[in-house]
């Protein structure tokens, strides 16, 4: 049960400056936008063949294959480690967990700022590591810094969830979004020290560092899927609840599914890795880990379907992104049954996380910036992203892959335009609850945008 530890007025004012939860959340979101644009445009440029020859020469001495491998690995790291997970967990988590708990600040505001600094520095190091003249150790230390930064964020989130809520609030009464963030943090606390230990061993052992890092990241794909899905499910649950006009049905089933995915999946992965090592992470262990993800996801889908059936769905931009997330979850669950489908499952999960991320952006943008995004441009962004996702999942190479890359590149440009337009609009004109009676959680009782004490 939360202990009800709260900051006094003076401490709240101190924490609301450079270390305020809104500031930290916005820093994570800005970094995620930059990382997503850089990573996405690098992949588009590589696939469509738009990278300048001078740039290719700088990265790989004219060796296009070498440049492709380096850019491909950095693209994956940027999209997962520096875009999707920091935005879902660090961005929305820092911004809205205190609001939903009615807390004035994070448990450790300065720790949150240090964690973001480590993640941001790691992102810069990964970009620098694209050059063939930079030693492989730079990428290793970048991953080490990222692991430490995310670990600090996770410790802070666990402490905030357990200690910063009102004394009368029981754990079972917390919104699913808060539970999802807390369980994501618990899983990060379990797996990040193991990942950091593996990286330390690679640094001390020497040898083929690039190959060993690729192997470690391949093994990390199991918990990575769960880490992307947990906060995504929290966001989409809130969107579905709001625009269905009905409380989330079967909330204990959803909560149990999240616990299995977080604690169960993380424990099994850590046990198998420590017991067998990197080289002996066998297929049966991967199947068990996948089962601890797929079965909870199916349980969550059942609860969402019942919520939609009980309520009356309103069409909205966030709900469209939530529907895309559900479709990708169903597609990923089907792909998991196919032989050799793990790569497709991983790709579908990343795309699903991006749909949840954009759904959360359009859902909360008024609460963060005081203006909602223009509906027409938002739906153009949604349509381009859907087309690019479908084509990219159908074929990674050839004409469909190129067309998918072009559509995704256009969607990035449209999204950038939306962010600039919303950010440049003067004044504020939104009510506290601009989504209507379906929005029941505590953040809709504060002003739009939220300023001052929560």
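Every residue gets a Cβ built from N, Cα and C, even glycine.
Now, the feature entries from TrEMBL:
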type	residues	note
DOMAIN	18-399	domain 'Cytochrome oxidase subunit I profile'
TRANSMEM	27-50	transmembrane segment
TRANSMEM	79-101	transmembrane segment
TRANSMEM	113-134	transmembrane segment
TRANSMEM	140-164	transmembrane segment
TRANSMEM	176-196	transmembrane segment
TRANSMEM	216-240	transmembrane segment
TRANSMEM	252-270	transmembrane segment
TRANSMEM	282-305	transmembrane segment
TRANSMEM	317-339	transmembrane segment
TRANSMEM	345-365	transmembrane segment
TRANSMEM	377-396	transmembrane segment
TRANSMEM	402-420	transmembrane segment
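By the Cβ criterion (under 8 Å, sequence separation of 6 or more), the transmembrane segment (216-240) is not in contact with the transmembrane segment (377-396), since fewer than 3 such pairs are found.
Contact between the transmembrane segment (317-339) and the transmembrane segment (252-270) is not supported, since fewer than 3 Cβ pairs fall under 8 Å when only residues 6 or more apart in sequence are counted. Packing against the transmembrane segment (140-164) from elsewhere in the chain are residues 2-6, 77, 81-82, 85-86, 89-90, 93-94, 97-98, 101, 103, 105-108, 111-112, 114-119, 121-123, 125-126, 129, 174, 178, 181-182, 184-186, 188-189, 192-193, 195-196, 199-200, 202-203, 209, 213: each is 6 or more residues past its ends and has a CB under 8 Å from a CB in it. Away from its own ends, the transmembrane segment (252-270) comes close to residues 172, 176, 179-180, 183-184, 186-187, 190-191, 194, 222-223, 226, 229-230, 233-234, 237, 285, 288-289, 292-293, 295-297, 299-300, 302-303 of its chain (Cβ-Cβ under 8 Å, at least six residues beyond either end). When pLDDT values are averaged over the domain 'Cytochrome oxidase subunit I profile' (18-399), the model yields 85. With a threshold of 8 Å between CB atoms, the same-chain residues lying at least 6 positions outside the transmembrane segment (345-365) that come near it are 32, 36, 79-80, 84-85, 87-88, 92, 95-96, 221, 224-225, 228-229, 231-233, 235-236, 238-239, 242, 290, 317-319, 321-322, 324-325, 328-329, 331-332, 335-336, 371-373, 378, 381-382, 385, 389, 392-393, 415, 422, 435, 443.
Within the same chain, residues 2, 21-22, 24-26, 28-29, 31-33, 35-36, 39-40, 112, 115-116, 119, 122-123, 126, 143, 146, 150, 153, 157, 160-161, 164-166, 169, 174-175, 177-178, 181, 184-185, 188, 224, 227-228, 231-232, 235, 350, 353-354, 356-357, 360, 364, 368, 441-443, 446, 450, 454 sit at least 6 positions outside the transmembrane segment (79-101) and bring their C-beta atoms closer than 8 Å to a C-beta of that stretch.
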